[in-house]
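Asker: Okay, so Swiss-Prot annotates it like this:
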- 1-19: signal peptide (SIGNAL)
- Cys26-Cys38: disulfide bond (DISULFID)
- Cys32-Cys50: disulfide bond (DISULFID)
- Cys37-Cys78: disulfide bond (DISULFID)
- Cys60-Cys86: disulfide bond (DISULFID)
- Cys80-Cys96: disulfide bond (DISULFID)
Amino acid sequence: MRGAVHIFIMLLLATASDCAVITGACERDIQCGAGTCCAISLWLRGLRLCTPLGREGEECHPGSHKIPFLRKRQHHTCPCSPSLLCSRFPDGRYRCFRDLKNANF
């Protein structure tokens, strides 16, 4: 009987150690800090995380450009940083790229 109790306790400890603490979880953009948005996680279904705005060369979604977005964002990427545009490249993907129309040369 005593051996069964020890096994039960060991099983409880083993299952309790397989957990993770997730920081930066959010529901909407207003819960995130400056320079971030609340985007869907690629790794955990149903989880949204405060994610940095897109930097030059990073993938983006052309329909995801408003900050703060008042509802739940449906994309895993944030809009591009303010000085960048979400542009389509020859390979068909969208990436953050400098807005050359507004550049000061």
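Glycine is no exception: its Cβ is also placed from the backbone N, Cα and C atoms.
It should be emphasised that the depicted structure is a prediction, and the values quoted were computed from it without experimental measurement.
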Asker: Provide, as an integer number of angstrom, the distance between the C-alpha atoms of Cys32 (disulfide bond) and Cys80 (disulfide bond).
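Answerer: Cα to Cα, Cys32 (disulfide bond) and Cys80 (disulfide bond) are separated by 16 Å.
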Asker: In whole Å, how far does the CA atom of Cys38 (disulfide bond) lie from that of Cys50 (disulfide bond)?
Answerer: 5
Asker: Highest Cβ count within 10 Å among the disulfide-bonded residues Cys32, Cys38, Cys78: which residue is it?
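Answerer: Answer returned by the neighbour count: Cys78.
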Asker: Other than its own, how many Cβ atoms are within 10 Å of the Cβ belonging to Cys96 (disulfide bond)?
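Answerer: The Cβ of Cys96 (disulfide bond) has 23 Cβ neighbours within 10 Å.
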Asker: Look at each of the disulfide-bonded residues, Cys26, Cys37, Cys60, and point out the one with the fewest other Cβ atoms around it within 10 Å.
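Answerer: Least crowded of the disulfide-bonded residues Cys26, Cys37, Cys60, by Cβ count within 10 Å, is Cys26.
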Asker: Nearest to Cys78 (disulfide bond) in three-dimensional space, by Cα, is which of the disulfide-bonded residues Cys26, Cys50, Cys60, Cys86, Cys96?
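Answerer: Checked the disulfide-bonded residues Cys26, Cys50, Cys60, Cys86, Cys96; minimum Cα distance to Cys78 (disulfide bond) goes to Cys60.
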